Amino acid sequence: MASSDCEGHAGQEGETFLYFAYGSNLLTERIHLRNPSAVFCCVARLQDFKLDFGNFQGKMSERWHGGIATIFQSPGDEVWGVVWRMNKSNISSLDEQEGVKSGVYVVIEIKVSTREGKEITCRSYLMTNYESAPPSPQYKKVICMGAKENGLPQEYQEKLKAIEPNEYKGKISDEMEDIIKKGESKLS
């Protein structure tokens, strides 16, 4: 995957910002649903954090029928993800998708490292007040497809594949089913 220019800031300079995705927004089709300006910038690593899945205030996600991705500080661990360059006009749609107004996630500014070791500052999200819970098989699949699509390190992809999902076998929203189908056809 060709790398776009990753210069920039998570904050208020210029007309774009950098967003570090580690969950369902790893998959291009998923992020483009609400944030069409997103352009792949690079694969990056968030040091001293760990990936987790949970239900905000103990309530399962109605969209995904299981725990959704979050990160927490954990010395020695790392989370791999994708840095997307986005127009500032998409900040509100990204915040809405992440449930910022309702308190599901809070906006954080983090420093991530590219494969070349360059440090860049990005906007990201962290879930507050959650109980750990496994993801649905469908949600896990979207994350794994996004990791594969964008070439996250193979060892990290194997860790993602090893995550035990819950046993949900029902349907998820048509919109999410569509992004899974599009992702599958692109990756096959």
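Yeah, the Cβs are placed from backbone N, Cα and C, and that goes for glycine too.
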Annotation match for phosphoserine in Swiss-Prot, from Ser89, Ser113, Ser132, Ser173: Ser173
Same chain, 6+ residues apart, C-beta under 8 Å of the C-beta of Glu98 (active site, proton acceptor), given in sequence order: Val104, Tyr105, Tyr125
Cα separation, Ser173 (phosphoserine) to Ala21 (substrate binding site) (Å, whole number): 21
Count of other CB atoms lying within 10 Å of the CB belonging to Tyr19 (substrate binding site): 24
DSSP three-state assignment for Ser173 (phosphoserine): coil
Spatial neighbour of Ser173 (phosphoserine) that is closest, considering only the binding-site residues Tyr19, Phe20, Tyr22 and their CA atoms: Tyr22
